[in-house]
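Trainee: Right, I'll just put the structure down here and ask away after.
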Amino acid sequence: MESDGLIPSQAEPSPDLPKLLHFKVYRRRWFVLALLCLLNSSNATLWLTFAPVADETMKTLGVSLYQVNWLSMVYMVVAIPVSCGTTWMIDKWGLRITLVLGSWLNMIGSIVRMTGALATVPDWLRFPLVLVGQTVCSLAQPLVIFSPTKLAALWFPEHQRAMANMAASMSNPLGVLLANIVSPVIISSTSSFVMLLFIYSIPPTIICFLATVGLRQSVPPTPPSASAENSSSEPFVQSIKLLLKNRSYLILLLCFGLGVAVFTCFTSLLEQILCVKGYNNAFAGQCGVLFILLGLLGAGATSWYVDQSKKFSETTKISICLASVACSIFAVVSQMPDQKTSVAVTCCLFGLFGFAMYPVAMELSVECSYPVGEATSAGIIFIAGQILSMVCMFLLQLLARPLSSAPLSVCAVSDETLSWRVPVLVMAGLWCLAACVFVIFFNTDYRRLQAEQAATEHTPVLSGL
């Protein structure tokens, strides 16, 4: 067969040639990713500012432990009614408006919180102001949490999506880690609650400026992949109907939602669980740090692996099973005194395997629900996680019983010392239930990858190149 004079007849075109001709990536994607990571991390530090220093928060604001927990729980309560609108907003209006709005809410909320701690504010007004600030910050969380899968799909090529999703998603637990480190350090070094909240208001202000000035567009000039061309192709209401009819997606929603609930309870209540058995705030903070550091390592490893292998289901199933073992062990050793090494190791393992499934499961939610928009498929799972988190927080606190005698306790308020034996066992049971259901019943095709492969095979090669 003769050549047309442009491409030698004996040379077979590369299978990647259609992608190279039609799809392009831009260096600016790294700025957009970095901005989302900073915003996500900042919002997480605001979320759990008070959990590592619950004792000091009670003393300064003159409130009970139950009210301090509401400073974390308000994120869950607010997310439920606003999340559906948020998923529609991201898919309809794009990333730029979403992230800029999220950055402004983040900054305003952090400033309102700080005003509640000023000495000039009456004692009765302090907690309400801090709670209002937390509520404003919580409005930003769905805008930020729902964006990683959307950003990965619109700005990154197929072989970088899982890693981009991992970086954006794991910046949230990185913020939790920073809160566990920074809050105790600031309180111990300055003994100033207002200084704590002032320092936490600085990053949101800087990030708000960067987002407002630097984020110029929601999508790159040309798509990085075939699926990016059809992102959010389904109307919102139709997307919801498709998700509710998708058996695989519903199983993932239930199991991953339970996982999010257990993680939320674990990070919010860790200090309260450990102080009863003689483990001080510093050790609890160190366990929280190890939990997240190893989690970031696990998430990075699994994201790199699935980017190469595309084994989303297998990776998620292995991770959730190993995490269930670690959570069960923690439920036992956390109720034993003088077991610092065992408690620290189980926190490491729980974080390593638990966080390993997070970014992969988010990508899996898109794969099993395509062509539903990425923000919608990931957002509905987050909503389920928030609802279950709120239910679990109420349940675990209800099951925690006051102790008449706790000689080992180092909790600051002795008359509120609680036994967490039953709650931690329930927490482990919920994770094991999620693992069993997911491993036995979950199975799906990778619809987005199949659609991209089909589009690539039928993409015409431009002549003259």
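A Cβ is built for glycine as well, from the same backbone N, Cα and C atoms used for every other residue.
What you see is a predicted model, and the numbers here were worked out from it, not measured in a lab.
When I checked TrEMBL for this same protein, it listed these features:
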DOMAIN    29-447  domain 'Major facilitator superfamily (MFS) profile'
TRANSMEM  30-50  transmembrane segment
TRANSMEM  70-90  transmembrane segment
TRANSMEM  97-119  transmembrane segment
TRANSMEM  125-146  transmembrane segment
TRANSMEM  167-187  transmembrane segment
TRANSMEM  193-215  transmembrane segment
TRANSMEM  249-270  transmembrane segment
TRANSMEM  282-306  transmembrane segment
TRANSMEM  318-337  transmembrane segment
TRANSMEM  343-366  transmembrane segment
TRANSMEM  378-400  transmembrane segment
TRANSMEM  420-442  transmembrane segment
Trainee: Select the range from 30-50, 70-90, 167-187, 343-366 that forms the most Cβ-Cβ pairs under 8 Å with the transmembrane segment (97-119).
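Mentor: By the under-8 Å Cβ criterion, the transmembrane segment (97-119) pairs most with 30-50.
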Trainee: Counting a contact as 3 or more Cβ pairs under 8 Å, with residues at least 6 apart in sequence, do the transmembrane segment (343-366) and the transmembrane segment (282-306) touch?
Mentor: yes
Trainee: When each of 282-306, 318-337, 378-400 is checked against the transmembrane segment (70-90) for Cβ pairs under 8 Å, which one has the most?
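Mentor: Ranking 282-306, 318-337, 378-400 by Cβ pairs under 8 Å to the transmembrane segment (70-90) puts 378-400 first.
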Trainee: Would you mind listing the long-range same-chain contacts of the transmembrane segment (30-50), meaning Cβ under 8 Å and 6+ residues beyond its ends?
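Mentor: Cβ under 8 Å, 6 or more out: 57, 68, 71-72, 75, 95, 99, 102-103, 106, 109-110, 113, 134, 137-138, 140-141, 144-145, 147-148, 151, 155-156, 164, 167-169, 171-176, 178-180, 182-183, 196-197, 200, 203-204, 207, 210-211, 214-215, 267-268.
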Trainee: Going through 125-146, 282-306, 420-442 one by one, which has the most CB pairs that fall under 8 Å from the transmembrane segment (167-187)?
Mentor: 282-306
Trainee: Sequence gap of 6 or more, Cβ distance under 8 Å, 3 or more pairs: do the transmembrane segment (378-400) and the transmembrane segment (420-442) meet that?
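Mentor: Contact criterion met.
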Trainee: Cβ under 8 Å to the transmembrane segment (125-146), counting only same-chain residues 6 or more beyond its ends: which ones?
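Mentor: For the transmembrane segment (125-146), the far contacts come to 36, 39-40, 43, 46-47, 60-63, 67, 70-71, 74-75, 77-79, 82-83, 86-87, 89-90, 98-99, 101-103, 105-106, 108-117, 172, 197, 375, 378-379, 382.
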